[in-house]
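One structure is given here, and the rest of the page talks about it.
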There are 2 protein chains.
Amino acid sequence: MPKVVDHDQRRVELVEATWRIIARHGIEGATMRDIAAEAGFANGALKPYFPTKDDLLAFAFSHVFSQTGRRMTDATIGRSGLGALRAYCLEILPLDDIRVSEARIVIPFWQRALTDSTKAELHSSAMLLWRDTMCDHLREADTAGELRTTLPHEDLAGLLMNLVLGAQITAVLSPIENSPDRLVAQLDACIRLMAAGD
Amino acid sequence: MPKVVDHDQRRVELVEATWRIIARHGIEGATMRDIAAEAGFANGALKPYFPTKDDLLAFAFSHVFSQTGRRMTDATIGRSGLGALRAYCLEILPLDDIRVSEARIVIPFWQRALTDSTKAELHSSAMLLWRDTMCDHLREADTAGELRTTLPHEDLAGLLMNLVLGAQITAVLSPIENSPDRLVAQLDACIRLMAAGD
């Protein structure tokens, strides 16, 4: 019986193998040849999976997005309201090497999305999902009396979204002022102020 | 007497002329030939000013940074404390076409800074200046009794920095949820919560 190749699985393996290459050289500096070599593929064997580096980048972003989503789901099990909101946001913040690598994938993805409407749509629908979940947790918090502010949930969620997205940049490019401790302190400051009310 | 050419001025003119090209095609899609043509330069005449597109990008970032700085200085004249902080942050938020164009320059700059230490240093020293000014205004606010929170100024400034940097991404890539009105509401929510205390 011929060996069945799970192509989706191989795509994920490929993306994971290219992580280090991209972290080392950036997406601009990483050639498809380097990526194939790092993944143990013959040069050219990448093409059926990812015809271009742009395809690889779009897949890598989706992979980061679903990986973060899985972590978020795990982290929020058994929690609701502000506890769930905090756990959810913590999974987006680049607090360890894996998540700093994810930020290094997301920044070039943003840059490509500026002039590529397919990538822009992929990004905005992904971000809408996170934002909606944050709004859900804010509503739970409000119902539970944890939130003593009358500010609209949409603006509070928007504020948190911009905080966690801004952190992708500053954790990589201003790491001293945005160390893991400081990023957690910023998130906690924001949630504590929301809890205290206005 | 031979005409004296102000090369710094010509560099600024060049950057301003390339704005539209980059907004239209992205930094990746814009060729040095396109940029020269848009600026009314003969092909090749750009070289003495900007040998590579990377040099142009670094200069464009510095230009955006100093342009924003000038607006911030003007906006904060005669203000202090939370009023100055709000005016300062408003000048960074991408609330009009010019500042959305600036965001379109800054995002590719971040991407290049990931693997270019000169650009990374340029970015982090620029961001440190903004952050320090935010801390100064928070201290003024505290002294004036406008700030009823005991949270460290550094974390509040870090939160605001990440908010205004995250907004560069979301104003361009998630413009519906991050329209000018919504971004101002997010900033005001954040400042109002700081004023109300924890």
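Each residue, glycine too, has its Cβ placed from N, Cα and C.
Residue ranges B:31-50, B:71-90, B:171-190 are listed, and TrEMBL annotates B:31-50 among them as DNA-binding region. Long-range Cβ contacts of the DNA-binding region (B:31-50) within its own chain (Cβ-Cβ under 8 Å, at least 6 residues beyond either end) map to 7, 10-11, 13-14, 17-18, 20-21, 25, 56, 59. Per-residue pLDDT, averaged across the domain 'HTH tetR-type' (B:8-68), gives 81.
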